[in-house]
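Residues annotated as transmembrane segment in TrEMBL: 51-68, 89-109, 115-135, 183-204, 229-249, 279-298, 318-335, 347-365, 381-404, 416-437, 443-462.
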Amino acid sequence: MGSRWSSEEERQPLLGPGLGPGLGASWRSREAAAALPAAVPGPGRVYGRRWLVLLLFSLLAFVQGLVWNTWGPIQNSARQAYGFSSWDIALLVLWGPIGFLPCFAFMWLLDKRGLRITVLLTSFLMVLGTGLRCIPISDLMLKRRLIHGGQMLNGLAGPTVMNAAPFLSTTWFSADERATATAIASMLSYLGGACAFLVGPLVVPAPNGTSPLLTAESSRAHIKDRIEAVLYAEFGVVCLIFSATLAYFPPRPPLPPSVAAASQRLSYRRSVCRLLSNFRFLMIALAYAIPLGVFAGWSGVLDLILTPAHVSQVDAGWIGFWSIVGGCVVGIAMARFADFIRGMLKLILLLLFSGATLSSTWFTLTCLNSITHLPLTTVTLYASCILLGVFLNSSVPIFFELFVETVYPVPEGITCGVVTFLSNIFMGVLLFFLTFYHTELSWFNWCLPGSCLLSLLLILCFRESYDRLYLDVVVSV
């Protein structure tokens, strides 16, 4: 939000003069003292409409993840219906991390123009993207280009749905609800990607799953019709969410829910410079970006990794689905716990990454059962993979809250934009690399426990601070 709001009306002071205690030297940092508003009338006020705002944003994030992962679960059907090559399928997935290249532009827009304008632009890009994919054209070459264009536009919506969750929670929610709101808003995008594993295969038949009485041409036409039904449905849902957002999505509440929501922030340029020069932030940002980037790339080729263990593509999809769903549930539960027991974010991350390191090591050693003699069964593979996904995915909202607390008063959108940009760079490089070197993937299994152990050590050495929470607690007292 920077030092100014997005319009002249919004730039007016939220709090009246002369009502707050002078805290003076009690602040932990000069920036936190500078962020203190001129006056503080009390702990703030929350509005019931905050849940509606959170619902609209979460639905937008859910659908963005669903659209991004449309083609992976039905790649064999898409090859037959549209003539996609292996490079086309890989590029359809790569449009997600590629969409983060203009991430800093969306960070600037969120900082200068506020939440409403940024969310409207994001949802409009999704409308255009899903609409492009639905244009009825018989030329397969042109159709493939339109689909790629649609996926690219949907990828450009990624920076907002992945970065703006802490900004929304600070703007609308009180200090004892912020982590929960961040978890809900950030986890729904992952849940949308997981639900694509159900929607696609349930609606679109596999090439060998059509009726044997159908000819090859009629089978292709049938599969194409079912894929287009999915595309039209996704387009309709995106249009509905865009209409609801256009009708009602206020940029902020009439009164701030907390002192932190009313305080001034650093400018865009100062924020970026401070982030890049803050060693503690860079340490915890790498602890987030490296393991989650490696895990995203590993998940993208999970079916290939499990093929030597005689695990089918369908079972691999179910493993990915339940790991994400479990991560969403545990992530929201952990965030709720963090709201009740404040100042425990580092401890929660240590517990989660201890579990992730053990789970990834278990999976890697199980795959080497000829050497380790560990039992290689469906149960052990399911358990180790799902536990790994639960531990890593549930750490995302906890990381986001810790990022914001560490560098306050840097705006939330800029802080989370930098770390998600780094994570997507890691994921994009890995996916690009695996596109060309996918014949031998056993080495990739060792990257998981290595990255989790590195992150665990970085978190252990990290010195936590809670300047934003300190601001709210001291002023409330």
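Placement of Cβ uses the backbone N, Cα and C atoms for every residue, glycine included.
Sequence-distant neighbours of the transmembrane segment (89-109) (same chain, 6+ residues past either end, Cβ-Cβ under 8 Å): 68-72, 75, 78-79, 117-118, 121-122, 147-148, 151-152, 154-160, 163, 268, 272, 300, 413-414, 417-418, 420-421, 424-425, 427-428, 431-432, 435.
Listed as Cβ neighbours of the transmembrane segment (115-135) (distance under 8 Å, sequence separation of 6 or more from its ends, same chain) are residues 6, 56-57, 60, 63-64, 67, 106, 109, 143, 146-147, 149-154, 156-157, 160-161, 164, 167-168, 171, 228, 231-232, 234-235, 238-239, 241-242, 245-246, 249-252.
Against the transmembrane segment (229-249), stretch 51-68 has more CB pairs under 8 A than any other of 51-68, 318-335, 347-365. Tertiary proximity for the transmembrane segment (279-298) is limited to same-chain residues at least six positions away from its ends with a CB under 8 Å from its CB atoms, namely 305, 349, 353, 356, 388-389, 392, 395-396, 399, 402-403, 406-407, 415, 418-419, 422-427, 429-431, 434, 444-445, 447-448, 451-452, 454-455, 458-459, 461-463, 465.
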